Structures are given as C-alpha cells and as structure tokens.
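Structure, as structure tokens:
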Amino acid sequence: MEFSALLTSAGINIGLCALLLSLYSVLRKQPHNYGVYFGRRLAEEKFRQQVDYFSLERLLPTAGWIVKAYWCTEEEIRRVAGLDSVVFLRLFIFSIRIFSITSLVCIFGVLPVNYHGKETNHGRIPAESLNVFTIANLKEGSRMLWVHCVALYVITISACILLYYEYKYISRKRLAHITGSPPDPGHFSVLVRSIPKSDNELLDDTIRNFFVNYHGSSYLSHQMIYRKGSMQKFVDNAERVYRKFVRVKMSSFGQSRRSDLSRCGLCGVRASSFQQYRNKFINSKKPDLSDPEVIEAQKDCPGAIVFFKTRYAAIVASRILQSSNPMLWVTDFAPEPRDVYWSNLWIPYRQIWLRKIATLAASVAFMFVFIVPVAFVQSMMQLDQIEQLFPSLKNMLKKPFFVKLVTGYLPSVVLLLSLYTVPPLMMFFSSIEGSISRSGRKKSACCKILFFTIWNVFFVNVLSGSVLNQLNVFTRPRDMPSMLAELVPKQATFFITYVLTSGWASLCSEILQVYNLVYNFFRKCIFCYRDDPEYGYSFPYHTEVPKVLLFNLLGFTFSIMAPLILPFLLVYFCLGYLVYRNQILNVYYPKYEMGGKLWPIMHSTLVFALVLTQTIALGVFTIKHATISSGFTILLIIGTVLFHQYCSHRFSSIFNSFSAQDLIEMDRDDEQSGRMEEIHKHLLDAYSQGTTNMDNSSSSRNGGAPIEMIMEDPAQDAQDSNQELCDAVKEVTGSIQEHADEM
C-alpha cells in the first residue's frame, strides 16, 4: 500500500471524527437526549432537567465538555464512579506516557534508519510504499540495527518503570478503598454451598448447628437462598411503582418541598401504607419449619449466606476448608449485595468444573471459526483476489481513488463490524460458567474477549489468515520468532488503518452513543415515554479494556518495526482519555464495584506485549544476522520476565485477598465507636433476591441501611397479604392520577 492510501484513510477518519464530535456537542444540549448523555446523573437524581425551549446556542457545536472532562480530579471520579473507573483511566495515563517516549525515540531515531536502509532512489513521499518505512527495508548484516536494539532497551526500561509505579499507586488506592469505604455487608458474609442434607433434620437447622458448633464465638446468623416466586415478583413490581411515584412528586414540587417529601416510607420517618404492608409482610411471613411445603422447599435450597460478627472471622471462614471432604460445606467470600449474580447460585458446585471446561472449549472453537471472516478481510488487501471474488468491480478497481479506499479503509471496517458479535457471545459463556458475582462474570468475559482479540486480530492477521501458517506455529514452535519477524512488518499497513477505524472512529461512536440515541428517539418521540432512571447502563469494562490493551500491544510490537503507527496511537490514547472521562462522569452508572481487580490483568497483558515485541525483534535480528543485537535482546527478555515475577509477588496478593491487619483494625474501630451493633442489624436485611439493586447500591454508597429484604415464603398462605398489597398499589395509582389531574 502506498503512503497516499494511508493519507486517504486518515483523512476519511479525521473528517468522520470531527463530524461525530460536533454532532455530539449539539445533541447533548437537547433536553430530550438527557437520558442518553446524562444517564448517571439521572440515576442518582442529581440532574435537574431544563425546560425545552428554543435556543440558538443549542445548535452550535462547542468544546465545553472537553474542558470539564479534563479538569475533573481523580478523587471526584472515584467518588462518583468507583475505583474501577480510576484504574481504567490510569491505563490511558500509562499509555500516553509510554508512547510519548516511544514516539520520540522511534520517529526521530528508528524511522530515518528504516527509510534509508537500502541505497535506492526515493521519490515523492506520497508515492512511496509503506514498506520503506519498516524494518524490512534494512538489508541483511546492516550495522544500523544497533539503533533498533537501543530503542528497544529504552522502550522496555521506560515501560517497566512506569508499570511499577502504576502498580504501586493502584495498590495504595485499593487499600484506601477497602479501609475508607462505608461498612460493606459482603465483608461480614460467607456464601456456603454443597450443604449436606439430612432426612432427620431441616436444612436450616443443619446450617445453624454446624456453624454454632465450629464457629460459635463468631457466628451471627444465616439466610437461606430460595427461589423467587410470583409473590416476590409482584412485590418487586409494586416497589418499582412506588419509587416512580416518589420520583414524580419530587420532580413536580421542586427542591422547596423536598423536606416534606423526604418523609416517605423509604426514608423511615413516616411510614406509608405501602411501607406498613412491607413491614407486616416481613414480620408475618416467617417460614413455618413444621410445614411440609417449607420442608420440600428447603430440599431445593442451593446454599445459604452466613453472617459473622467480624470481618476477620468471615474472611477466615471463607478461606479454610470447613470439612475433611472438600466437596462439602464449600465456602466462598460473598460478593457485596448489589454484585450478587443470583441466577448462578442455583448451579450445583459439582457442575462448575464441567461448565468451565465446556465454556473454555466453546470459546476456543469460536476463536478458530472466526478465522473465516479474518481471512476474508485479508483477501481484501490483495487486488487480484478482490477481482476474483467480485468480477463486476474489475473496471472500478482500476481507478486510483477506489484502490486506495478498498485497500486502505474497507478491510479494517469489515473486521470491526465482525468483532461486534464477540462480546455478547463471550458474556453468555461467562454467565453459564458459574460465577457467583456480576463483577466476576464481567472479569471472566474480559479475559475471554482479550484472548480472542489478541489471537484473531493480531496473530491471525499477521499470519495472513492462512490455516497452514497457523498450524505451522503449533507444529514448529521454535520457528515462531523467525516466522513472526518475517510476517509482522508486512502487515504494518493493515494495522495502521485498523487503529484509524477501530480506534478513532469507535471513540466517536462511543461518545455519540448511537444505539442508545436511536432507542431513545423511538422511546420518547414515537412511544412518548419519559426518562426512566431505573435502567442506567454500567461501564462495559469487558469490551473497552481488551480494546485498549490491544492497541498497547500493537504500539509495542510495531514501535521499531513500523514507527508510523505511533502518532496515530498517541492521538487515540489522548482522545480516549477525554472521551472516557466524560462518559464515566455523565453516562455510566456504577451498579457494583470490582475494587480495581482488573489491573493485574492489564499489567500481565502489557508485560506480555513487551515480551512479544522482544521476541519478534529477536527473530528480526536473527534473520538480519545481527548477532550482538540478538544476544542483548535475549538478556532483555529474561529481565522483563523477572520484572513481571517481582511485581506479581510484590503486589498481586493485595488484589486477591484482604490483610488481617486492616480487617482487625476496622473491626476494632467499629466496636469502639458503637457501630458494630447497627451493622449487625443491617446484615440480616442486606441481601435481597429482588430487583432493587439500584436502591441497595445507593443506600450502600450513602452509608445508610439498605432496603429490607422480603424473604420468599414457600407456603401458599399469602392471599390476605396479596389483597392488602393490591389495595396499597391502588392507593399509589390513585395518588398518581390525582397529581396528574392537578397538573
């Protein structure tokens, strides 16, 4: 591909980005789009919608959102979006720093060496082939290869120093997050599965007797996990109606009447008839352990959540074996209430390893099936193959502009569209895998998408989509460095255009929220619905983290092979830093917290990218007969692996477990201040199997008591309470109708 084709692709993407960013700055000012571009603020009820009046300012594009996103402090981001958002943005900060250094070294040092590698008569730069800017332009035995070796050392040492300080910084942030956050019910709770069933004893008594016997001094209580019934769903729907009613009243009467409206049943000052019903239902619907239906229901109970008096006792109980048989009384640290993935708690513990093997096999099979669209994308890079596939385009492909468009832009667009099918499928695999938490499911999906992306986007494209070449990698692993060294520089042009389309354009598509914008248009303009804060979107870490890590891998790999990719990557990271800060502050609602556990995955992937870069460089130096450079590269690989091992031993345990010192000090502070009794009261109501995750999350962030849990009653004697609930719902509906008449 010629340099002019690259300029064509860059021009198309620059124009598209400018158009989409200008369109976003206009659309975000329109009142009917507040639900799309300010979803987080609406979910937290901190955004006051403006009156829909005509204003010329709303039709003019501005850059005020960039200034607000840039000047927002890291502490403000952590407070409104959690530690995970801070960790994700630190990945961009690291990328900007390392690729600023890499661009200076490679653009001004390596690129001129590549360009003048062979003694040829260079013409005009737009007419030059991009191959003259790669390391493939150097002849064998060239003495200038030491420049590439020195540049590789500078990049590796700089990256390791920055990675170490980032790991250390984020570790401190995680420790501060654990010790400084409000009391989390998950720190006092343990999930117990594979409970042995007895014919002579109820399961409830079995759990109580076991933990009283072996954890008597620290055991507090436990909660059985039952299936949701129709009564539970009806109560959840009524709760949603009541919350909407309160929200309508608050938005109608304004801030001046907030003091009166705060005295609703949810706040506990003055109970409404609906809240009186809830309390009566909770107090009266205690399971009758002598009822045969209750006994039958307990036989289907998959486990229980056991509460302990202290954090330290809970972490000890979750980490040690409870029985000599490791398949019985299996304990695990319970996720926080809003993070529990209730659907997977019904999976028998003995099936989990089978599910993991099955999902792993399905993921690997899908990775190889996806070779077909990747091979088609690679065929689009060759004009002769396009003419064979589409004979009708033969005359059109003779025009220079269409040649540049087809070879420089369309292949990466086709690959980008094909990749949209990957995240939903990988999330489905992670759901049936058996994770007990939503964050664990998203973390598993993130790893699957990361492996899939690196293999299919990088390795399969490098190997030109040929199945025979991919099989040679497995049959001849010793030849892998030389094979990659020969093929990677040839694919530099494709990956440069891929950064432009999948990088720049996807960022603009992310900030524009195309899908949500279209959905909001039909929902509000066609069906006349209002904004519903119940449906806030959480940040898609499982799709965005692999994407950013892939661009880091491309930047490291092509830094000395094809330095032309570095300026485009640096623009992507700078633009992405601003875009994602804006999205985190305004759009995405943090429904649960992972506590920064994605950073070890990021760190390991970045180190893998460094080692892969060094391995490819070793193959290039071997092919070019640069013996001295090859020897120094081997030492660099060993040093990078040792650095990764040191960081893992030094920091990774902080992300996998809690320290006894911190937990004991937190327990002592709560006991001395008298908060421990209040925490124990809230534990029994913290875990709800209903659909009130958003209310629970808001109450947890505010440090207050979560909404009471309605335990499912397996007995069928709820007709009177059902009628009373119907009356309460009718009362709420009547109040809404009266308020509508007043309006």
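Cβ from N, Cα, C; glycine included.
TrEMBL lists transmembrane segment at one of the ranges 333-353, 501-521, 627-647, namely 627-647. The listed stretches are 87-111, 601-621, 627-647; of these, 87-111 has the most Cβ pairs under 8 Å to the transmembrane segment (549-580). With a threshold of 8 Å between CB atoms, the same-chain residues lying at least 6 positions outside the transmembrane segment (87-111) that come near it are 74, 77, 133, 147-148, 151, 154-155, 158-159, 162-163, 166, 169-170, 173, 539, 541, 544-545, 548-549, 551-552, 555-556, 559-560, 563-564, 566-567, 569-570, 573-574, 576-577, 580-581, 584, 596, 598-599, 602, 606. The average per-residue pLDDT of the prediction over the domain 'CSC1/OSCA1-like 7TM region' (355-621) is 81, rounded to a whole number. For the transmembrane segment (627-647), the list of distant contacts is 145-146, 148-149, 152-153, 156, 160, 163-164, 167, 603-604, 607, 610-611, 614-615, 617-618, 621: same-chain residues at least six beyond its ends, Cβ to Cβ under 8 Å. For the transmembrane segment (601-621), same-chain residues at least 6 beyond its ends with a Cβ under 8 Å from one of its own Cβ atoms are 87, 91, 94, 135, 145, 148-149, 152, 155-156, 159-160, 163, 166-167, 443, 446-447, 450, 480-486, 488-489, 545, 549, 552-553, 556-557, 559-561, 627, 629-630, 633-634, 636-637, 640-641, 643-644, 647.
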